[in-house]
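Peer 1: My structure is below; once you've seen it, I'll send some questions.
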């Protein structure tokens, strides 16, 4: 058994924090800090790395950051890493309307965690992907785009927390991080 490691997860999203703690809780102790880190424009990987670098500089130590993308196949991957801004501007119905003139409503959810050991260090990425389709909102509306992303017949919002934490893009990324931690890579 590895000694308990503490990770400082940079987030102000209590739902993300709860999922991370539920999935990593037996391997690592999660502290959380809400700091504003300006996000660059770029690929999900570029955004995740830069966010981790900037957070490590601000904190002065090791950090874990997370970025999520939701890409619509019909729109060649848009809104992608900018889903948060699209959702804020358009809402669930607006995101659905973007696809109304297309037959293809398939989407890919991508979660990228970036771990940075500290200022000046290169972040390490852990990424998970889940395929699904975009549907009219179903289930509770309190966690981002969960009500419109359907995987295996249920939206993320319709799934109980345990089920979502077994199939989600976030779970898949965290499983890779968890394995890395269990392998003793983090001193």
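Even glycines carry a Cβ here, placed using N, Cα and C.
From Swiss-Prot, for reference:
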BINDING   11-16, 51, 67-68, 84, 143-146, 164, 169-170  ITP binding site
BINDING   39  Mg(2+) binding site
Peer 1: Could you work out which of the binding-site residues (51, 84) has its C-beta surrounded by the smallest number of other C-beta atoms within 10 A?
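Peer 2: Comparing Cβ neighbours within 10 Å for the binding-site residues 51, 84, 84 has the fewest.
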Peer 1: Can you tell me whether DSSP puts residue 145 (ITP binding site) in helix, strand or coil?
Peer 2: coil
Peer 1: State the Cα to Cα distance, in Å, between residue 145 (ITP binding site) and residue 39 (Mg(2+) binding site), rounded to an integer.
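Peer 2: On Cα coordinates alone, these residues lie 20 Å apart.
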Peer 1: So what sits near residue 169 (ITP binding site) in its own chain, CB-to-CB under 8 Å and at least six residues off in sequence?
Peer 2: 68, 109, 110, 111, 128, 129, 130
Peer 1: Would you kindly give the Cα-Cα distance separating residue 84 (ITP binding site) and residue 39 (Mg(2+) binding site), rounded to the nearest Å?
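Peer 2: Answer for this pair: 12 Å between alpha carbons.
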Peer 1: If you draw a 10 Å sphere around the Cβ of residue 11 (ITP binding site), how many other Cβ atoms fall inside it, taking every protein chain shown into account?
Peer 2: 17
Peer 1: What is the one among the binding-site residues 14, 39, 145 whose Cβ has the most other Cβ atoms less than or equal to 10 Å away?
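Peer 2: Answer by Cβ density within 10 Å: 145.
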